[in-house]
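Asker: Got a structure here, written out as structure tokens. Questions coming.
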């Protein structure tokens with residue numbers, strides 16, 4: 001029966017999947033397997049009458065691997081591989097979960113498993129992160145540029161205001177001997193407090 | 001001691017005298033930028049020196065040149081070459097208080113070419129370096145999901161299997177070469193602009209602009225994070241790495257000394273080149289940073305500290321990297337072995353658990369004896385731990401392929417991925433600060449830019465201009481262009497410039513004058529070690545390294561590695577020779593900075609000779625002194 005036309009080899013890796021909680025493979029598990037295959041076949045239109053006894057297992061090894069075929073007693077032949085393949089593929093999840101296994105640990109050689117579809121979010125995550133960071137950066141650039149412009153405007157206004165008052169003082173201060181008195185009084189020069197207090201001490205008449 | 005000094009008339013007029021230095025410093029306090037505190041300066045210099053090369057070049061060199069034995073040439077050359085050159089750049093910048101162009105043209109007007117060459121090199125390196133940062137950002141943006149996008153291959157059209165290119169190579173290779181770069185098969189095949197890379201490039205240049213917008217005023221704040229975060233992340237990775245299985249294999253492999261490698265001159269050449277490039281010398285950025293210091297800053301101590309930190313970081317990063325590589329190699333080895341075990345078990349239908357790593361060989365023999373025919377049909381992979389450990393892991397391959405694969409195998413992968421790419425981002429960005437400084441300040445010194453243009457505008461224009469030029473790297477062939485520039489723009493010209501710098505300071509400026517300057521600045525004359533190093537040891541070493549490098553580079557065939565799915569030995573990279581016009585690009589990129597130095601000197605000489613008949617002396621730019629009515633602040 002191995003390598004027969006419509007036979008499939010199945011391989012289980014129970015120890016790999018379950019570790020300590022691994023169950024032993026015995027005839028009861030084989031019975032469950034036959035039931036699952038029969039169940040899958042019954043889901044196919046035209047094959048609703050498949051019974052557990054129609055599923056035959058053979059060459060069970062210690063690996064846990066074996067061959068199985070599904071027969072049709074009325075016509076006395078084995079069901080075509082294509083039908084079995086599509087039936088198993090449709091119910092793969094149910095079969096896997098009956099044995100606590102997955103596609104890698106319960107292998108049907110020659111039956112490729114349908115891989116999980118990728119979850120495509122409407123907007124890729126990287127774009128969200130990128131937009132957040134880019135917006136922060138743009139805001140920071142704007143702030144720095146505007147604060148720089150304001151600083152420069154304040155600096156250019158500041159000395160010009162001082163200049164205005166200077167001009168006014170200059171216009172009012174008389175020039176004695178060609179030297180304006182203003183620099184001697186306010187800028188750079190110190191006013192001698194002694195003289196100030198003396199003036200105040202003199203009582204006005 | 002050699003007392004050779006070239007005649008240099010007019011030097012006194014061009015540079016501020018020692019007595020003037022302190023007054024100049026006080027006057028410049030408001031107009032010239034300066035550091036808020038010493039920590040900022042140190043962090044900026046350390047950030048500039050410590051870059052991606054410490055993480056992905058040094059570990060590879062260390063491992064491929066005899067492991068622990070590589071430390072010997074590395075440390076020797078660090079002391080004889082790195083520290084003296086660093087001290088020289090710090091001291092000359094602090095003394096002459098100008099950027100690189102200003103410093104060299106003060107020493108002698110004909111040497112302005114050295115500063116211009118530094119500017120070119122800083123520009124070229126900054127140009128392609130920021131693209132690497134853009135790639136790092138792309139991976140960073142993609143790290144915020146579980147599972148990581150490079151952990152699984154995408155499915156093909158009818159969902160029966162994985163995409164062919166990915167199945168034949170690996171999911172990390174596929175993500176890097178196809179989904180990130182979408183690489184073409186040759187440098188001539190440019191393709192189109194990859195919009196996602198362009199977005200990341202925009203982000204990278206914007207972040208750089210924000211950080212450098214006002215020069216050291218803003219970078220000084222940014223370095224608190226960009227220079228310290230890598231160390232935090234490295235420590236976290238070290239702790240995590242050491243708890244992983246197989247990490248010690250990697251570290252042992254890295255540091256196992258192979259003393260015979262010391263006899264190989266290429267080892268010494270690589271060590272010298274690594275020390276030199278790792279210190280970011282000859283870019284002009286360090287001179288510029290140092291010129292913002294106060295006059296009596298202890299530049300000698302700074303040079304020693306920065307060098308020690310740089311060396312230590314290289315070794316530390318190598319340990320971390322190789323602990324992770326050891327883990328990855330062990331995982332790969334285990335996977336390979338388990339696949340072999342599975343093959344044997346499935347071939348002979350043995351019960352699970354019978355075949356383990358320990359009894360694999362005897363089980364093989366037993367199976368062979370029991371059924372030789374069936375055994376001959378089984379195909380086993382060769383699993384060699386050493387080959388996994390020594391898979392050429394340097395450069396972008398290390399970060400984007402090997403390390404990302406290792407991260408997918410660690411629990412909580414998105415966290416490690418985010419940390420790793422933030423670290424790479426900080427390392428790269430802090431190096432870019434130095435590059436930008438090396439471009440902006442010379443442009444200001446050369447008076448190409450009108451003085452009243454604000455600094456924000458200048459930095460903005462430079463960032464914008466370089467960004468537009470960097471569109472080349474977003475093409476399908478972008479990575480090939482980047483490797484080309486990486487190999488030639490930042491290698492030979494730097495060696496030439498550094499040699500000219502040493503020559504200029506020691507023989508044109510005069511090492512005696514230099515000694516007196518340093519004595520004035522830090523209080524004691526540089527000791528015998530510095531004298532020997534500056535006059536003899538370092539220039540000689542530079543010359544030897546330069547000549548060797550030149551010979552090696554000129555003799556090697558211009559080949560590059562190409563990712564070609566149609567190649568027979570795919571997923572190995574195919575070595576293809578460059579097309580003819582690439583030679584022209586290489587000559588321009590490597591030759592122009594080198595030729596600017598003599599070119600400018602000749603131009604200056606000719607101009608002086610033409611002006612001599614008129615006997616007009618150029619106006620000496622002196623600093624204006626205080627006016628009678630008090631300080632007229634500008």
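Residue numbers in this text run from 1 along the chain shown.
Each residue, glycine too, has its Cβ placed from N, Cα and C.
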Asker: For the Na(+) site, TrEMBL lists B:47, B:50, B:54, B:310, B:427, B:431; sort out which one of B:17, B:278, B:288, B:390 goes with them.
Answerer: B:278
Asker: TrEMBL lists transmembrane segment for one of the ranges B:488-511, B:608-631; which is that range?
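Answerer: Checked against TrEMBL: transmembrane segment maps to B:488-511.
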Asker: Examine the ranges B:18-39, B:150-171, B:304-325 and name the one recorded by TrEMBL as transmembrane segment.
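Answerer: Of the candidate stretches, TrEMBL labels B:304-325 as transmembrane segment.
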Asker: Can you say which of B:257-274, B:275-292, B:329-346 is given as transmembrane segment in TrEMBL?
Answerer: B:275-292
Asker: Taking the Cβ of residue B:278 (Na(+) binding site) as centre, how many other Cβ atoms lie within 10 Å?
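Answerer: Summing over all protein chains shown, residue B:278 (Na(+) binding site) has 23 other Cβ atoms within 10 Å.
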Asker: Is the number of Cβ-Cβ pairs under 8 Å between the transmembrane segment (B:415-436) and the transmembrane segment (B:581-606) three or more, considering only pairs separated by 6 or more positions?
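Answerer: No, since the transmembrane segment (B:415-436) and the transmembrane segment (B:581-606) share fewer than 3 Cβ pairs closer than 8 Å, they do not count as touching.
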Asker: Can you see whether DSSP assigns residue B:50 (Na(+) binding site) to helix, strand or coil?
Answerer: coil
Asker: Could you tell me whether the transmembrane segment (B:457-476) and the transmembrane segment (B:113-141) are in contact, taking contact to mean 3+ Cβ pairs under 8 Å with a sequence separation of 6 or more?
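Answerer: These two stretches do touch.
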Asker: Let me know how many other Cβ atoms fall within 10 Å of the Cβ of residue B:310 (Na(+) binding site).
Answerer: 24
Asker: Excluding B:47, B:50, B:54, B:278, B:310, B:427, B:431 themselves, which residues in that chain have a Cβ inside 8 Å of the centre of the Cβ atoms defining the Na(+) site?
Answerer: B:46, B:48, B:49, B:51, B:52, B:53, B:280, B:313, B:430
Asker: So which of B:41-58, B:231-255, B:275-292, B:457-476, B:532-552 has the most C-beta pairs under 8 Å when paired with the transmembrane segment (B:488-511)?
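Answerer: Ranked by Cβ pairs under 8 Å, first place goes to B:532-552.
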Asker: Per the definition of 3+ C-beta pairs under 8 A with sequence separation of 6 or more, do the transmembrane segment (B:304-325) and the transmembrane segment (B:231-255) touch?
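Answerer: Judged by the Cβ rule, the two regions touch, with the required three close pairs present.
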